[in-house]
Amino acid sequence: MHTTLVAGWAGSMDLYELAVFDPSDPVLDPMWRQGMFVIPFMTRLGITNSWGGWSITGGTVTNPAGTLGILAGLFHLSVRSPQRLYKGLRMGNIETVLYSSITAVFFAAFVVAGTMYGSATTPIELFGSTRYQWDQGGISMGLPWYRVHTVVLNDPGRLLSVHIMHTALVAGWAGSMALYELAVFDPSDPVLDPMWRQGMFVIPFMTRLGITNSWGGWSITGGTVTNPGIWSYEGVAGAHIVFSGLCFLAAIWHWVYWDLEIFCDERTGKPSLDLPKIFGIHLFLSGVACFGFGAFHVTGLYGPGIWVSDPYGLTGKVQPVNPAWGVEGFDPFVPGGIASHHIAAGTLGILAGLFHLSVRPPQRLYKGLRMGNIETVLSSSIAAVFFAAFVVAGTMWYGSATTPIELFGPTRYQWDQGYFQQEIYRRVSAGLAENQSLSEAWSKIPEKLAFYDYIGNNPAKGGLFRAGSMDNGDGIAVGWLGHPIFRDKEGRELFVRRMPTFFETFPVVLVDGDGIVRADVPFRRAESKYSVEQVGVTVEFYGGELNGVSYSDPATVKKYARRAQLGEIFELDRATSKSNGVFRSSPRGWFTFGHASYALLFFFGHIWHGARTLFRDVFAGIDPDLDAQVEFGAFQKLGDLTTKRQAA
């Protein structure tokens, strides 16, 4: 039946092609120009004549083939396989036949796909020229892969089309990624398993702008919701996908209908772009969007506000923000600066846009900055992008009001400086000053605050090429065991020296309040003067699940001393996510790495394209010593080797 379907398709396709094929001009309108697919293969095997009375070449060709196949078939008919070979290759199993047949088919498919690069079996007369004959000048001069964007160089309609398509791809990725993250996200524990522990990348950005509810009935802050409204996480994702589809259609429309009157110069009738005016339009519109975001969305005048939290990431929620117009507005950790900055920058953009719409650039400036060249626009646009990428990479890695730790996780510097540890000790000291017991004071430490003070949440602990979320590394945090306090046999309180960020292993050292080493876990017996056994170290837990529990056996004490190197001690579930115990980075680390890398790449692109546009005449071979007075570009035809560089 399969053979019937294949043969039937081949015969039917052949008859259809013969019905539409015009054999009248085999030179300028050959079969491959007419899109014939099976006729070339028949011609290749020797079929050149038609019952309609015409011939492809005017002669006949015979092509004897199959001699090797006949001989191989006769061999296998007359010779039996050795028993070892028969059993070893499982020749008695029908699935062996299926497997080997598939192997033969895909091998043949790879081979014939490769011969389409050009070979004796794929003649140019039947299948057309290859791209490599163009690239290497075998037939004519074509465009190499790194020059393909020149096809939109002098084509405003299609330049617009490809930019709309780029927007479609970006919006489509964002919407699709959001839906994927929502499918795998577990909102059940926002304290010990927040979005950043699960490796969410786009959900934090939606949350930062005011999206907190899901059509699934859950809220990012915990609890359930009955009426999430249109702008839920799913609503935003769906809007991006719909927008992507509309942009996709618009891009196709502008590619097909590229020759619009709006792109034509009234004086010459040729397609052209008034780049200074377009710059003014874009600046004005982006200024309006910037001002509107700051004045309405962030302030809550017409919008939800943004995510705002305290310095320790405990009380975060979406709320309106008043603009900060004083010097405090320049503090990167003051949310009010976000509103005031957008209002101020938007106002400046609107005024600058109106200026560029109403004032023409001086001729010297126009020529000096190459304002008439689209590559100038590319170069300066890349500059704006890489500048923004460097800024957001910095605010993400070092922390700011725009990158709350509840959404993106702590920064590495909060571990390095003992930021959360100091706040925990401050709270405990305040509790003790109010006559609380040590157990009561530690029991009042929020689990959320204790979890931040754990090295596994440090984004710099994730190494290169360690894909996956933090949960895939050390596991899903289940509960805080409590704060361990170590004491020697003399009753001195000992503190475990914490592991620095860039260490994979670190010696277990316990010091007293003055920083003097009192105990350790030695590497060998000869150095066991300060061993846990010799010093008689014990551990007692305060707060958490082990509140009030103490241990004195050396093995258990050393176990918790090792874990105390990593900050507060948590029970971790490594089975659910099949975690392998190797620390991963948070979305804060991934975002920074990606944006810093692309910023460097775009910086190079800015230098490259800026140099190309500023020294375009030099690169084209026109230098100050050129004796012939010719207008550059008058004879320029893209990709034509015969174009003269100067007048004859």
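A Cβ is built for glycine as well, from the same backbone N, Cα and C atoms used for every other residue.
Residues or ranges marked as transmembrane segment in TrEMBL: 51-75 (among others).
According to TrEMBL, the transmembrane segment annotation covers 96-117 (among others).
Outside the transmembrane segment (160-180), and at least 6 residues removed from its termini, the chain residues within Cβ reach (under 8 Å) are 152, 201-203, 206, 233-234, 236-241, 243-245, 247-248, 250-252, 254-255, 258. According to TrEMBL, the feature transmembrane segment maps to 160-180 (among others).
Per TrEMBL, transmembrane segment is recorded for 201-218 (among others).
Here TrEMBL flags 238-258 (among others) as transmembrane segment.
Marked as transmembrane segment by TrEMBL: 279-302 (among others).
Within its own chain, the transmembrane segment (338-357) is flanked in space by residues 276-277, 279-295, 298-299, 306, 321-325, 329, 401-402, which lie at least six positions past its ends and keep a Cβ under 8 Å from the stretch. Residues or ranges marked as transmembrane segment in TrEMBL: 338-357 (among others).
The transmembrane segment annotation in TrEMBL covers 377-398 (among others). Listed as Cβ neighbours of the transmembrane segment (377-398) (distance under 8 Å, sequence separation of 6 or more from its ends, same chain) are residues 275, 279, 332, 408, 411-413, 459, 588-589, 591-592, 595-596, 598-600, 602-603, 605-606, 609-610, 612-613.
Through the fold, the transmembrane segment (279-302) approaches residues 209-210, 319-323, 338-358, 377 of its own chain, all at least 6 residues removed from its boundaries and within a Cβ separation under 8 Å.
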